[in-house]
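Colleague: What TrEMBL records for this protein is below:
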BINDING   GLY108, LYS109, GLY110, GLY111, VAL112, GLY113, LYS114, SER115  ATP binding site
DOMAIN    8-80  domain 'MIP18 family-like'
Amino acid sequence: MSAASINREQVDGALKTIADPETGRPLWQLDQIRNISVHGNEIEITIALTSYSAPLWQDTREHIIEHLQSSLPDKPTVKVEIVPLDRPAEPIGGIGLTAKSVIAVGSGKGGVGKSTIAVALACGLQQSGCKVGLLDADVYGPSVPHLLGTTERPVATDKKLQPIDVQGLKMMSMGLIVPPGEAVVWRGPMLHGAITQFLRDTNWGDLDYLIIDMPPGTGDISLTLSQLIPLTGAVIVCTPQDVALLDAVKAVAMFNKVNIPILGVVENMSYFLCPDNGKRYDIFGSGGARRKAEELGVPFLGEVPIQIKIRERGDAGDSFGNFADQEAAPHFQRICYSLTKNLAMQKAVNPPLPSLSVL
Ligand SMILES: Nc1ncnc2c1ncn2[C@@H]1O[C@H](COP(=O)(O)OP(=O)(O)OP(=O)(O)O)[C@@H](O)[C@H]1O
């Protein structure tokens, strides 16, 4: 005969501990459990999740299924439907920017692929369904427009600059406004003014993530940013080479000094798989960044090998194309996933207090 049926209270009880990946608070508390139906040994649940946590929707679904199957009798059949929930970002930093997380991507040393990783994070999160802005603050070498294949100049409407739309990603870069070569001599106050203006006077709209491609090594912009807005944290890009790692350690120290948390380290150009013979070459050494991250007690987000196609797509302005390529996509996806997963885990450990709306 069929197994004893499960009752609704048991399901309610088991769902009590499931957290919203965006806020870390229980789903039931935020009214995100929209429907529960129980028929004998079959459970159907509908939950509402925000686009902020889109990369983690599948994880959340699997977690609920596993949790209910292991905590309820007779391993029920569980179906979880996810419906989108619109929960706009709140303005941060008193400059009218509405974003849920602001993430700086930095490196100690130039040429390690910082912009490639910043663009990949933005494209990857955007493709997962998040609302993403990308600010190229690397005045000394603004390569984001090149990596995204645009030279379109931003226009101003109602005293606000309109970001350039690249496949739904909102992008703004100094490189689209300042003539090449001019910003190279900028120092403190000029940089400060420019970055403030780009954050404040761009019509970013409602963002889940704002990714900022920082100039390599310099502390000026980190300081400016940390004073302007509460940054969620920084991602440090480096290669496995000793000198790059030393510079990465300096970058970690620089962000620490201005109280910007380190969200993780990415190792770029980790190795090269020769397309002719499939042999692996550790051109800059191997695993150095992972070990360094462990030593520094910061998360390691993943590694990206050297691939000719990654360079070619960068030059062709087809960074989104990396996500359609079986060779490149898993590396970039892993980094986006690890970042969002770590952010969700931080929130789960330390959920923010609910904000009360004053009518
Ligand atoms: N994993 C990779 N495989 C192949 N080429 C790569 C990889 N990562 C980056 N590149 C290439 O290396 C070059 C430098 O990359 P990128 O502009 O991202 O570096 P950066 O650290 O931002 O440089 P800068 O300090 O000049 O701003 C680019 O041509 C890019 O396409």
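The chain as shown is numbered from 1 upward.
A Cβ is built for glycine as well, from the same backbone N, Cα and C atoms used for every other residue.
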Colleague: Just going by other Cβ atoms within 10 Å, which of the binding-site residues LYS109, LYS114 has the emptiest spot?
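Modeller: Candidates: the binding-site residues LYS109, LYS114. Fewest Cβ atoms within 10 Å: LYS109.
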Colleague: Are any of the binding-site residues GLY108, LYS109, GLY113 near ligand 1, with a Cβ under 6 Å from it, and if so which?
Modeller: GLY113
Colleague: What is the number of other Cβ atoms found within 10 Å of the Cβ of GLY111 (ATP binding site)?
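Modeller: Here the count is 12.
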Colleague: Suppose we draw a 10 Å sphere around the Cβ of SER115 (ATP binding site). How many other Cβ atoms does it contain, all chains included?
Modeller: 25
Colleague: Setting GLY108, LYS109, GLY110, GLY111, VAL112, GLY113, LYS114, SER115 aside, what same-chain residues sit with their Cβ within 8 Å of the center of the Cβ atoms that define the ATP site, listed in sequence order?
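Modeller: Everything else in range on the chain: SER107, PRO216, VAL237, CYS238, ALA244, ASN268.
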Colleague: Counting every protein chain present, what is the number of Cβ atoms, excluding its own, within 10 Å of the Cβ of VAL112 (ATP binding site)?
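Modeller: For VAL112 (ATP binding site), the 10 Å Cβ neighbour count is 24.
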Colleague: Pick the one among the binding-site residues GLY108, GLY110, GLY113 whose Cβ has the fewest other Cβ atoms within 10 Å in this structure.
Modeller: GLY110
Colleague: Across the domain 'MIP18 family-like' (8-80), what are the DSSP residue counts per state (helix, strand, coil)?
Modeller: 32 helix, 22 strand, 19 coil
